[in-house]
Every structure is written in structure tokens, then in C-alpha cells.
């Protein structure tokens, strides 16, 4: 029996482990090393340049644009998505548990979550089209033609347009997630709040929000990671891509372009490492704020 | 039954508005996919005079959407099967067997979930290139699998832990081998977990874009997302609006059909991933 046990364990673990080491672990490890070289893809021609690539990042204006845009996305996208998600989830809850209309809304809200970001980006590229798009022709139809813009071509609107797409595509998922969490709150709490004279807003603030804090934190981490990415939507939808004039550049796009257009593999790896530390910081901050709150309780 | 003194009209209005905001662009794309170019350009909000399904035919054949669709099916099908098999084996072995290094191995797999794929992108390209797997189905299938296994292990590990030990012990007493206990007893018991993580993986793999963009340069092997992105920027198709909308609709349709059929399972499976 012991013999069979080890043979089974080896058979179960080794194939997946080989894949994991070859395609996941080794590339991650190599990326850290490559970021310290000037490698351009020629075998054996990588020179160690220390922190040179990282110093260069600080003077790369397009990369700095990307960092600024990702930072704006990080501030705006999670906050707006979670705000809308919480609002719609409590509105659905208020409409009554298991109500027919409520679940029909949920079905509609959730659908964009299932679509590939490429499909979403192509679709919104059409919506934003200055002449024939849904948005401008809609504005003109209701007499607001003055508000019509070339959404993706004007620097002050392009990033907003990208963020709107990211928010549009993810709100539904968080509505469903938050709705399930709100439905799990005992009804007595809402009734007690109502007896105390709480209206919609104060029962949201004092009952729903405190009890959903953990869900909101998880949502912040997921959405924060998505906001640090943004690659697919920007690459498919924006002019350039990343334009106009760097207005929608994101770190992932800079990395992709430097690696696979210019062949600057060492430099691109440094961007990857920078992105990794940004993601890590975000996750650790979220984790720590959770721990402090538990201590405070 | 509701007896509120003042009924706030804002929430119902907001719920309705968001439904419109969500559904309108999607419906508009579907309707536009059966309109002529002239109708699309000059009457963006109007329904077509007569629905033109030749847009769909053109997208499927001339614009190669059919071929991309098939490529996606092959790659995602292969990767999904392999991911579920390997992920379930690893999760089961780590959840139900005590041995030295078990925890280390578990964290080795699971830690990969927290690394951005962008970090691995450059070296991954060269690893796949050196193995001669660039732009091949097996190459994509293996890489998709490698990146989908960590979450699968994480999810199913928790699931296998909750299954009762007595059933496995009884099977061992009946003379079953370790492999037979896994395939004949434990795997069927884990079906709800397998379905949930399977749906999650299918959608994740079907919607992959970054990995094929880098590892799959041959236009004949493009997966659907890649092909659609290429089509939307290619100058030749800039003028064929009907064909583009049709391609977009064809890309959305299977997901929509699957969603309508399995929507409860899908929502449960996708949100379970975030709650765990």
C-alpha cells in the first residue's frame, strides 16, 4: 500500500509541477534578473546594467504618463464601481428578496462580466465613434448635440472614456456579490433600525455598510488590480494605442510595446517588476487595513 | 405589503437606468449587425428596413471569424480539460495526503495567483520559443493550463478538505487503489466544486487576450478575441461596418446563450471565486 501511495502522489503532482515550474515560476524568476540587464533578445548578449533600467524609467515621459494614468484609474475605477455596486445592490434588496424584477435586473447587470475585454473594447469603440456612434447620435437626437465630442481623440476625455468602459463592465459583478452579502444580513437588524427611525440612507450607513466591509475590501483589491492593468481595453479601443499623446497610456501597454515592438526586453522587464511591486503594495495595504480594523473591534 | 410613509423613487429609477445603460450598447450592436452600411452610418438608432444576415455570413467566412472561433474552441477545450484534470489531482493530493513539503508545495502553486502576468510575459515568450511551441495549439494549451491551475488548486483544495474521510477509507478497505479512489469515489463527490471552477475557468480562458497576443503570432491560429481585435483595427475592414458588427455579435452570442441557459450556476460559480 505504501508503494502505491507514493506512486499515486508522484503521478498526481509531477505533471502539474513541471508545467508550473517551466511556464510560471521560471519566467517570474527570470524577469527579475532580466530587469537588471540590457538584453535585446540575442542569445548570450545580455549585459548586467544594475539599476540602470530603473533609473531610465524615471526619465521616460511616456512611462510616467502611464504611471499617472494607472494611478488615476486606481483612484477612480474601484471607488465608482463599488459605490454604484453598493447602491444598486441595496436598491435591489430594498425591492424585496427574491422579487422577480430584482432577479431580472441582476441577470442584465451581470452579463458584461462574461464578455471578453476585447469584445467590450470593440463595442465601446463603436459607441464612442464621433459620427455614427451610439453616444453622439443619441445626444444629437435629444437635442444635446453640443455635448457630442470626439471622445477618444480629445485628450481630456480619452481617459475618462476608458474608465467608463472599465466601470461599465464590472459594476454588475459587484452588484451580484454585494446583493448576496446584504441578503445574508438578518432581517431583524433592518427592522430594529427602522423602529429606531432609520431611513434608507441611515440603514445603509449603519447596517449594510459596516457588515459589508470585508466584501468591500476584497472588491477594492480585485478592482485595484484591474485598474493597474487596463491593457486590453486601451490597446484595442484607443487611438495610437495609448493616445492621444499618451493620454491613455498604461504600464502594461508600455511594457508590451518596449518588449515586442522595440525588442528592449531588459527595459520592459523592469516595467514588469515595477508593476509587480505596485500590485504587491496594494494587496498588502488592503490586508493591513483589514487587520487593524479587527484589532480595533 | 410595504407600508412606508414616503417611498423613495430614486432606487427604482436608478435600477432601471443602469439596466438600460448595460443593455443598450449590446442590443445596439446586435441590431446593427443586420443593417446595411448606409443604415449604420446614417440612421444609427433606427432598426433595419430588412434584416441582412449576409453580414453574418461575410464575417464568418471572409473575415475568418469562423476559423478564429474554431481555434478558440480547440485551445480552450484542450486547456480546460487539462486544467481540470491536473488541478483536481494536485488539489486532492495536497488536501488528503500528509507528507513533508505539502504546505510548501501548496503555497508554491497558490502564490502564483498574486503575480501579474505582465511580469512573466517577456521570459515566457522566450521559454515558449525555445521549446518550439510559439504559435502552436499545444503551446497555448500548456501555457493556458499552467496559468489556470493555481486558482483551480486553491478552490478545489478547500473543497476536497470538506469531503468525509470515511467514504475513501471504505473504498480502500474494498481494495481500491489510490487512483481508483480518486477517480471513482472522490471526483464524483466533488462535482459541484468542479462545475463551479470549470465555469470560472472556461470564461477566463475563452476571454484570454494578452497571452495569445504574445505567444500566438500566426493569423491562421488566432483565437477569437485576437481575431476580433485585429479585424477592428485592420484598414480593409474599417469600411465594412456591417461585417464588423456581425463579427462582434458572433463573438458575444455563445456566451449569451450559455448565460441564459446556466445563469444561476454561472453567477454562483463566478462570485464564489471572489468570496473564498
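Glycine residues also receive a Cβ, built from the backbone N, Cα and C atoms like all the rest.
For the ranges B:219-240, B:241-262, the feature annotated in TrEMBL as transmembrane segment maps to B:241-262.
Range annotated as transmembrane segment by TrEMBL, chosen from B:37-59, B:106-128: B:106-128. For the transmembrane segment (B:12-31), same-chain residues at least 6 beyond its ends with a Cβ under 8 Å from one of its own Cβ atoms are 44-45, 47-48, 245, 248-249, 252.
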